[in-house]
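In TrEMBL this protein carries:
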type     : residues : note
DOMAIN   : 60-309   : domain 'G-protein coupled receptors family 1 profile'
TRANSMEM : 44-67    : transmembrane segment
TRANSMEM : 79-98    : transmembrane segment
TRANSMEM : 118-139  : transmembrane segment
TRANSMEM : 159-181  : transmembrane segment
TRANSMEM : 216-240  : transmembrane segment
TRANSMEM : 260-280  : transmembrane segment
TRANSMEM : 292-311  : transmembrane segment
Amino acid sequence: MDITSFAEVYLAHRQMKTLSSPNNSTTISGFILLGFPCPREGQILLFVLFFVVYFLTLMGNASIICAVRWDQRLHTPMYLLLANFSFLEIWYVTSTVPNMLANFLSDTKVISFSGCFLQFYFFFSLGSTECFFLAVMAFDRYLAICRPLHYPALMTGRLCNILVISCWVLGFLWFPVPIIIISQMSFCGSRIIDHFLCDPGPLLALTCSRAPLMEFFWTIITSLLLFTPFLYIMGSYMLVLRAVFRVPSRDGRRKALSTCGPHVTVVSLFYGSVMIMYLSPTSEHEAGMQKLVTLLYSVLTPLMNPMIYSLRNKDMKHAMKKILKT
């Protein structure tokens, strides 16, 4: 018996005990998030591990926000975008990890129908917003390096605010229609989702009948969301590289590349893992691989972002030191 079958039998047994108790006369309505099936001791260990990761993620991204807020030298478009990106990362990781932590300590691991689709909506809306933010940050680097003399006049505070608001609005308007359509479908069978969050692949697999039109529509809008910003980012950095190689001094080239390096690293981590998962939500990925890849872009990337953006940035490190001294 494999681990998934064992988990299904175990959870079914726990549910029978729960439903047969005097205080529970109704059946469970919702889904069962298997998460990471393992003995009770393992669940507690995973709870501690992910709680520490979640806490460090909140502290790291909050420290970037505070550094930008309190250090006047960081009141530039690049750092204002970074502060907004860190704010986004806090909410992005919060859309999954608290429920995951509660799931580790739960016997039934049940998530309500409305709770599942709310998580589905916020997780994908925040992820969409991140795609747009990464494109806007690439645009900022393009202007700063390729058009340095015009940069202050082009990248004004007003334009920066418009771009930030546009990212949030577009991100939260991208997925509501398909998510509402999926929520209206009929679900059959055990309603067990072998994942730690409500994901389109496992959800579509639980529908009573296949919906090829919905699957095709999901693939189209997801591909547009991923490829449009990604191709723009790649195009921007091709122009940036061309401009950098025209800089006569080696120090000038190194300085220009150092401002782009952290952003390229984050883009590679985020897009590399997301594209594997969501270009085809019903593609056959092993459940374990799905969970690991999802952990990479939804939990580990927000944890690593503060380190990526601050380790080689002298201004950010100076601002961080000032915060630690106060």
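Including glycine, each Cβ sits where the backbone N, Cα and C put it.
A TrEMBL annotation is a machine prediction, not a hand-curated record.
Of the two recorded stretches, the transmembrane segment (292-311) lies close to the transmembrane segment (44-67), with three or more CB pairs under 8 Å once pairs fewer than 6 apart in sequence are set aside. When each of 44-67, 79-98, 118-139, 216-240 is scored by its Cβ pairs under 8 Å to the transmembrane segment (260-280), the top-ranked stretch turns out to be 216-240. Remark: the transmembrane segment (118-139) makes no contact with the transmembrane segment (44-67), by the rule of 3 or more CB pairs under 8 A.
Residues 36, 38, 74, 82-83, 86-87, 89-90, 93, 97-98, 100-101, 104-105, 299-300, 302-303, 305-307, 309-310, 316, 319-320, 322-323 of the same chain, all 6+ positions outside the transmembrane segment (44-67), place their C-beta atoms under 8 angstroms from a C-beta of that stretch.
Predicted-model confidence for the domain 'G-protein coupled receptors family 1 profile' (60-309) is 89, expressed as mean pLDDT.
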